[in-house]
Amino acid sequence: MSYFPWLTILVVLPIFAGSLIFFLPHKGNKIVRWYTIAICLLEFLIMTYAFCYHFQLEDPLIQLKEDSKWIDVFDFHWRLGIDGLSLGSILLTGFITTLATLAAWPVTRNSQLFYFLMLAMYSGQIGLFSSRDLLLFFIMWELELIPVYLLLSMWGGKRRLYSATKFILYTAGGSIFFLIGVLGMGLYGSNEPGLDLERLINQSYPTTLEILLYFGFLIAYAVKLPIIPLHTWLPDTHGEAHYSTCMLLAGILLKMGAYGLIRVNMELLPHAHYLFSPWLVIIGAVQIIYAASTSLGQRNFKKRIAYSSVSHMGFIIIGIGSITNIGLNGAILQILSHGFIGATLFFLAGTACDRMRLVYLEELGGISIPMPKIFTMFSSFSMASLALPGMSGFVAELVVFFGLITSPKFMLMPKMLITFVMAIGMILTPIYLLSMLRQMFYGYKLFHVPNKNFVDSGPRELFLLICIFLPVIGIGIYPDFVLSLSVDRVEVLLSNYYTK
């Protein structure tokens with residue numbers, strides 16, 4: 001057992017070191033870039049060391065615990081700890097954020113502020129995944145809003161202010177319900193508010209109150225995940241944001257909603273989750289079909305990829321709603337798989353858009369001839385997104401399928417119907433992705449247009465793409481490497497769930 005404050009260092013280091021960026025000399029962007037990369041690499045190395053040598057995979061309980069009193073007035077503690085549910089998300093955050101800072105090298109306007117905001121997001125995300133106090137969880141949840149809003153509103157397309165405003169309105173609206181739920185759980189049945197997750201797990205509520213709390217939290221998570229019909233901010237945001245910001249949004253921010261749904265709704269409110277789970281499965285199945293169909297009608301290829309993210313989130317919702325070991329592990333695997341694939345697709349879309357200055361599919365064609373490397377990687381990650389066997393997307397969706405089929409919660413006919421709907425969604429996915437590839441890369445429309453910007457990927461971009469492609473293939477070939485992180489904790493969570 002380690003008493004060293006590893007998690008506090010991981011939470012504080014990025015934002016503290018990031019604040020020193022403003023004191024660096026204003027001689028170009030090179031110093032700021034390398035400094036930010038160094039901070040991200042140092043954070044990731046500390047993270048990897050701490051988890052390799054101080055985290056026991058076979059122990060399903062909370063590890064690396066830290067508990068310090070922060071505010072005496074209402075018993076607010078700085079409580080941190082991790083388990084198998086949060087370990088994968090923290091490693092994903094470190095990996096994607098490090099590569100997103102590398103992707104952001106072309107940013108030259110206000111680069112110091114840009115990199116500081118990325119590091120501030122980094123701290124908030126690590127803090128959220130390692131929080132063991134519900135109020136601290138809420139604070140870290142809200143810490144994301146300001147950096148993301150500024151990243152969206154200051155760097156992006158022509159309608160970036162509109163998309164940033166839409167994002168802040170949606171997420172702030174959901175946060176109101178989150179705060180009401182936090183206060184309701186903290187004040188119920190006690191004269192002194194207590195928000196320790198360990199205590200709240202053993203807290204029981206009247207059925208009506210538990211349903212109201214569950215619904216309030218669900219609205220907040222439905223915005224971030226997103227769940228239809230609270231998803232409309234996502235295509236606008238991804239259509240306008242800089243591609244390094246899109247990597248953080250698709251790779252990590254959406255996963256915060258899924259993590260909250262498991263950590264709070266499923267773990268703390270089991271009775272309500274049991275009642276809501278059929279509706280979650282139905283919503284997830286509808287979301288897969290709806291988002292895939294809508295994606296097919298998008299002219300903007302960035303928005304087409306954004307709707308594909310909404311569709312893939314449907315598998316996570318179904319896995320969480322299945323209430324089985326297999327289904328929940330599949331949902332966690334899909335969280336990690338889509339974190340890699342979604343972030344890379346937006347990076348590729350952004351780099352292609354920077355070169356072509358075009359985003360509408362009918363204006364494109366023949367890009368594979370001047371840019372064969374971008375074409376190869378775009379095709380490879382599109383195959384991963386449509387769940388090609390041997391890649392992480394296939395394993396994650398297959399495990400969710402098995403989780404739903406083996407669920408004792410549902411009868412045979414509903415399971416067959418939901419499985420049929422999911423299968424239709426999986427058929428629609430290659431249709432909209434392959435049609436996008438055909439319109440962008442095949443033909444001769446842009447091949448004869450002289451353009452000095454039509455250059456292929458450089459070493460920096462290829463290094464980034466290969467770094468993400470390796471875990472996508474690795475998880476597809478040997479998924480037990482990732483499943484071993486969460487399987488014991490999921491078993492404990494569901495055993496407690498059924499006993500309640």
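Including glycine, each Cβ sits where the backbone N, Cα and C put it.
Marked as transmembrane segment by Swiss-Prot on the basis of sequence analysis: 4-24, 35-55, 87-107, 167-187, 211-231, 242-262, 272-292, 313-333, 334-354, 386-406, 417-437, 462-482 (among others).
At the 8 Å Cβ cutoff, the transmembrane segment (87-107) and the transmembrane segment (272-292) share fewer than 3 close pairs (sequence separation 6 or more) and do not count as touching. Here the listed stretches are 4-24, 167-187, 386-406, and the one with the most C-beta pairs under 8 angstroms to the transmembrane segment (334-354) is 386-406. Sequence-distant neighbours of the transmembrane segment (167-187) (same chain, 6+ residues past either end, Cβ-Cβ under 8 Å): 134-135, 137-138, 141-142, 145, 148-149, 152, 193-195, 200, 203, 209, 212-213, 216-217, 219-224, 230, 232-233, 236-237, 268. The transmembrane segment (272-292) makes no contact with the transmembrane segment (462-482), as judged by fewer than three Cβ pairs under 8 Å among residues 6 or more apart in sequence.
Only sequence-distant pairs (6 or more apart) were considered; of these, fewer than three Cβ pairs between the transmembrane segment (462-482) and the transmembrane segment (4-24) are under 8 A, so the stretches are not in contact.
In summary, the transmembrane segment (313-333) lies against the transmembrane segment (211-231): three or more C-beta pairs, each 6 or more positions apart in sequence, are under 8 Å.
With a threshold of 8 Å between CB atoms, the same-chain residues lying at least 6 positions outside the transmembrane segment (211-231) that come near it are 141, 170-171, 173-175, 177-178, 180-181, 184-185, 205, 253-254, 256-258, 260-261, 264-265, 269, 272-273, 275-276, 283, 286-287, 290-291, 310, 313, 316-317.
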